[in-house]
Each structure stands twice: as structure tokens, then as C-alpha cells.
Amino acid sequence: MSGIALSRLAQERKAWRKDHPFGFVAVPTKNPDGTMNLMNWECAIPGKKGTPWEGGLFKLRMLFKDDYPSSPPKCKFEPPLFHPNVYPSGTVCLSILEEDKDWRPAITINQLFIGIQELLNEPNIQEPAQAEAYTIYCQNRVEYEKRFRAQAKKFCPS
């Protein structure tokens, strides 16, 4: 593992614990020996207030490569979401998560979460990742909103 990646992730964790957006969760996983694994985080993003996603808490895994922050983390909803910019595998399709597009090493975990939360409510129809969600979003917005309201209810924290 890269010392640069681990150092940056330790800084990110410290900053996150000190100050993060209300309702968001980001916790490094544990290795089998009980030590913290900074390369694999279990996260959750709340649905934005005043949107059909409100009330939902959407679980996301962030996986960091050894060359982080030169390369972005992989962000994957678990379980996958019905959304035009979420691949059927759960992987998020967002330009700031793509090395050859808008990723910059200065982007923080906090900024990634805000970007993903915005994407939930405002899909980018220029970059669809899921055909069914994209088609319904474009052709029948009422049905689309009904489906993701149901999804938000399904992912309500207990």
C-alpha cells in the first residue's frame, strides 16, 4: 500500500470526523486482524431534503487504489440503485470519479459525497449508465419519481 494514499486517507478521516455534512456516514472497514482498512470505506448518503429521495439513506462503498489521490476511488451503491447514472453493478457514473474526465487529486471525500447526493436528485442524462432508469426518467418522469420514492422508503434508516 502506498504511503501517500494512506497518509491522505488518514487526513481525510480526521477531517471527516471533525466536520461532515449532517446525515452522511463514512467509516473505514476493519481488516480480519481488527485493524482499520483505510482503503475500503462503508458509507451512506442521505436523500436530500425536499426531494423524492428524502428519508432514504443509501449505502455506498468507497474503494481506494494504491495510487490515490492520483486516481479516484470507486464508489458503488450496495445494493445497486435504480438511477440513470448508476450502473446495474451499483457503480456510480459521475465525471469527478473518472480519472480521464474531471477527477483532481484535491477533491475531498466530503466533496465527492455532495456531488453524488446532487446526482441522485439531478441525473446527468448525457452520461446514462442504466438503460431502464434512463428511459423511464426521459419518457415518464412521474413513474420515475414514483419508483425512486419507493426506493427511498425501502432504504429508510431504522
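The chain as shown is numbered from 1 upward.
Cβ coordinates come from backbone N, Cα and C, glycine included.
Per Swiss-Prot, the stretch carrying the note region 'Interaction with SUMO1' among 13-18, 73-78, 85-90, 145-150 is 13-18.
Same-chain residues lying 6+ beyond the ends of the region 'Interaction with SUMO1' (13-18) with a Cβ under 8 Å from its Cβ atoms: 26, 28, 38, 108-110. Counting every protein chain shown, the number of other Cβ atoms lying within 10 Å of the Cβ of K18 (ubiquitin cross-link) is 7. Taking Cβ-Cβ distances under 8 Å and a sequence gap of 6 or more within the same chain, the neighbours of C93 (active site, glycyl thioester intermediate) are N85, V86, Y87, N124, E127, P128, A129. For the domain 'UBC core' (4-157), the mean pLDDT of the prediction comes to 94.
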